[in-house]
Amino acid sequence: MAKVRVYELAKEFGVESKVVMAKLQELGEFVRSASSTIEAPVVRKLTDALQQGNGGKAAPRKAAPAKPGAPSPAQAARPAAPRPPAPKPAAAERPAAAERPAAAPAAPGPRPGPKPAPRPAPAAPAPAAPEFTAPPSAPAAPAAAASGPRPGARPGAPKPGGARPATPGQGQGGQVRGERTDRGDRGDRGDRQGAARPGGQAPRPGARPAGPRPGNNPFTSGGSTGMARPQAPRPGGAPRPGGAGAPGGPRPQGAGGQDRAPRPQGGPGGAPRPQGGPGGARPTPGGMPRPQAPRPGGAPGGNRPNPGMMPQRPAAGPRPGGGGPGGRGPGGGGRPGGPGGGGGRPGGGGFAGRPGGGGGGFAGRPGGPGGGGGGFAGRPGGPGGGGGGRPGFGGRPGGPGGRGGTQGAFGRPGGPARRGRKSKRQRRQEYEAMQAPSVGGVMLPRGNGQSVRLSRGASLTDFAEKIGANPASLVGVMMNLGEMVTATQSVSDETLKLLADEMNFVLEIVSPEEEDRELLESFDIEFGEDEGGEEFLVARPPVVTVMGHVDHGKTRLLDTIRKTNVVAGEAGGITQHIGAYQVTTEVNDEERKITFIDTPGHEAFTAMRARGAKSTDIAILVVAANDGVMPQTIEALNHAKAADVPIVVAVNKIDVEGADPTKVRGQLTEFGLVAEEYGGDTMFVDISAKQGLNIESLLEAVVLTADASLDLRANPEQDAQGIAIESHLDRGRGAVATVLVQRGTLRVGDTMVVGDAYGRVRAMLDDKGENVEEAGPSTPVLVLGLTNVPGAGDNFLVVDEDRTARQIAEKRAARERNANFARRGVRFSLENLDEALKAGLVQELNLIIKGDASGSVEALESSLLQLDVGEEVDIRILHRGVGAVTESDINLATGSDAIVIGFNVRAAGRAAQMAEREGVDVRYYSVIYQAIEEIEAALKGMLKPEYEEVELGTAEIREVFKSSKLGNIAGVLVRSGEVKRNTKARLIRDGKVIAESLNISGLRRFKDDVTEIREGFEGGINLGNFNDIKVDDVIATYEMREKPRS
């Protein structure tokens, strides 16, 4: 047999699809919809169930009431079925057959309402053994019981007295059970006939109903325990699922159609509830009589109450019996039923069952776990109850959920979970979560103003570890803030501070000096302190830095002191490197060594001057007597003050015409340098570096200042420490660094670390180019043997092992790399980056800088990055290095369209040929300001042109001529300037602009087409399709001209 669909079976049986679906659910077969298919065995089981439920034929639910007759063969055979004689205790727990569902016990107690009349005797004689009436709150049995016992079901305990025979014609008021007359007016059930069933006090150890096991079916149509739910009455007398006479089907009408009185509770006049086919008595396992507890207020006979008779709940008195402890229990005094819910009337409710029973019955309280929806005027069913209250009888809506839930399944208790008291930790976490800030829907930890220390170039992961947050959350926050970064990418300090402010943290960026100190402390190294006591300290020469404005004679002064000519070797006559020299002079018939450091005076070398002031003991400020105080003079003065070093002023060029040393003294007084002759403490010396005048006086002033205000001592026996003044890449010697030893003694063979470079000292040269084996404090030397070119201004120190030197250098390199990446950063927000690049609004000039010394490269890079020609163009330094231009530089420039700048270096080997072949622009410079000027011009050339409006002339309309071909033509008189053809114009009327961006398409003078009309002449102007012109209007013409970018 092929599979059939549910709706096809419903059409075949003449019932609705939902009736068939409900029957299938009661049989334990679950389908999703009316279009679902079912197997052939299920079809046969469904057919048998519907035939048994409809008196042996598959008829529609709304069939006429069947006449009393014999029960179906299956039903008639069931009471006579043999049962095992020995009752077992487990029989009360195992389902033997699906004779009946869970029932609610009845308890003694009065039932409110009119007393029912005694019922007539049943048509068929009762067996000799005493029988008991079905509990009034028992729900309809599952349809699976109609088809006989389920295979494998255990037999129940035998009942004494045998089975009750099926009594044809046994009904209520002569009507067969299975047909309901009217929804609103139910028949009187007090006239049901049958022998009085004595009630027992103890619960019957009966079998658990067969059918779907409780808890195994989360989609059952009954309560949430998995039991079949008794169907509540439907409005308008709609048939119930299962057909006429099916369990839980329509109720028969009372005698005479009168209103129901309250149902009897355990009185002798109670009749057994029919089960199965029409008129059939409910069979019991083994024919045993069911013990029944006394009903409350057990008056014999009577009508069952209806909503009209009981408009409100009784104010006092004991409640009718609630549900039994799961399944069909004895009638009790309102004791709560088990999770399975007490049986009962519509909605699974008992008669006013207490919590734990089904949903509300007659004015019932709320159903407990697994209970159904409210019934007649019932309160809401418990959570998870199926169906809810039915309309039409005042039933309140049932609990949440339409289909059954899983409460009570697998031994779990039903109903809402009880919420225990929260611990202090839970309450604290909830409180903190309430206060946690949210940025773009991302929850973040909230600080209370505590400080978070991060190094330069820190990533979001580093920040997240400090505050105990998730790095992915911080990435989401940055996306919401318009920054596209990853969790491990270095982020700028400003971005991290903004993020910290959002979460109420105070971010502290660790300075480079602090970072380096912490790094050295991790290796148990102290930098900047003299080891040993006072007995180990010896005098050292002073370190003097010569500072001042460009071209004021600093290098000439040093040449005079050293009796050399360094100026001749400097490109452009300006110093572009830091030079360190040591000279010996006689002061008061005593030889004294003085170390001089020459710093550049050009504005691009600010970092070099700061570095020179930081490593010096005394500063000589050179000021030209003819120029006076200049910008770089003030800057050098500020550097010296910041370094807290004493200053000796050398007023140079006193032999030049126009020199005025007094004027220089007066100008420097404004900056806090008061000469000794004016009552101050600053020594001023008038010199001429070119003529060699007063040089000895200057050296004497330096020595006196050092002796008077400085304690120049150091320990020469400790490991050397100092500063790298300059570094460069030599073709024959590799990386070379000029270092100034400040403490200790540097020897050949020592392992040293200079910034991110390290290595063993292979050789040392002094300022005269001679090899030396060791260098003491305040001695400048040239060091060979480093792995790479260190940065100018980096500290150096000697360590014991090569491994320690390598680890320190690698960590410094990683730190500097992160800092550079963060400094470069993301210059555009996430929202406008793509649009700006597509529209060409942002352009970048990529540069590769190579130089002869690290200080020069640093100065050039900083100067180029300070160029500001607008927001449309930006400079990006792809690479910088010391040494000649190599092939790798050309390859990098080829892939990135970069310009290579060689500062005092040339392309090496085949690099020049490759650059010419690839079309890479390589520019060579020897003077720094020339490079800056050319790059600035290139940046301005990349700018998009700016246009400005230039007015050409105005014309007044004297007459308007109409032309069928051209429209309106204005006869004008040019008042000022000139009017040209194909230029833009605007129309002005009474001082207000009427139209913009008009085009002068036609221009005539008399009958001739002309290109322009000058001031004072008349002509005709055609404005194209624009015809709204009047006399006395003014036509102003203009054009857009490119504006030079400055």
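Residue numbers in this text run from 1 along the chain shown.
Placement of Cβ uses the backbone N, Cα and C atoms for every residue, glycine included.
Annotation comment: Swiss-Prot describes 548-555, 598-602, 652-655 as GTP binding site. In the three-state DSSP classification, Ile654 (GTP binding site) falls within coil. Note: Ile654 (GTP binding site) has non-local neighbours Ala625, Pro661, Asp686, Ile687, Ser688, Leu693, i.e. same-chain residues 6+ apart with C-beta under 8 A of its own C-beta.
Marked as compositional bias 'Low complexity' by Swiss-Prot: 57-80 (among others).
According to Swiss-Prot, the compositional bias 'Low complexity' annotation covers 89-106 (among others).
The compositional bias 'Pro residues' feature in Swiss-Prot is assigned to 107-128.
The compositional bias 'Low complexity' annotation in Swiss-Prot covers 129-169 (among others).
Taken from Swiss-Prot, the feature compositional bias 'Basic and acidic residues' covers 177-194.
Positions annotated as compositional bias 'Low complexity' by Swiss-Prot: 195-214 (among others).
Sequence annotations record features per position, and here Swiss-Prot assigns compositional bias 'Gly residues' to 239-248 (among others).
Taken from Swiss-Prot, the feature compositional bias 'Gly residues' applies to 266-280 (among others).
Per Swiss-Prot, compositional bias 'Low complexity' is recorded for 302-318 (among others).
For 319-414 (among others), the entry in Swiss-Prot reads compositional bias 'Gly residues'.
Residues or ranges marked as compositional bias 'Basic residues' by Swiss-Prot: 418-427.
This prediction places the mean pLDDT of the domain 'tr-type G' (539-711) at 81. Residues or ranges marked as domain 'tr-type G' by Swiss-Prot: 539-711.
The region 'Disordered' annotation in Swiss-Prot covers 49-450.
According to Swiss-Prot, the feature region 'G2' maps to 573-577, an assignment based on similarity to another entry.
The feature region 'G3' is assigned by Swiss-Prot to 598-601, with similarity to another entry given as support.
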Practice problem: For Gly548 (GTP binding site), list the number of other Cβ atoms lying within 10 Å of its Cβ atom. | Solution: 28
Quiz item: Which of the three DSSP states, helix, strand or coil, fits Lys554 (GTP binding site)?
Solution: helix
Exercise. Quick one: give me the count of other CB atoms within 10 A of the CB of Asp551 (GTP binding site).
Key: 18
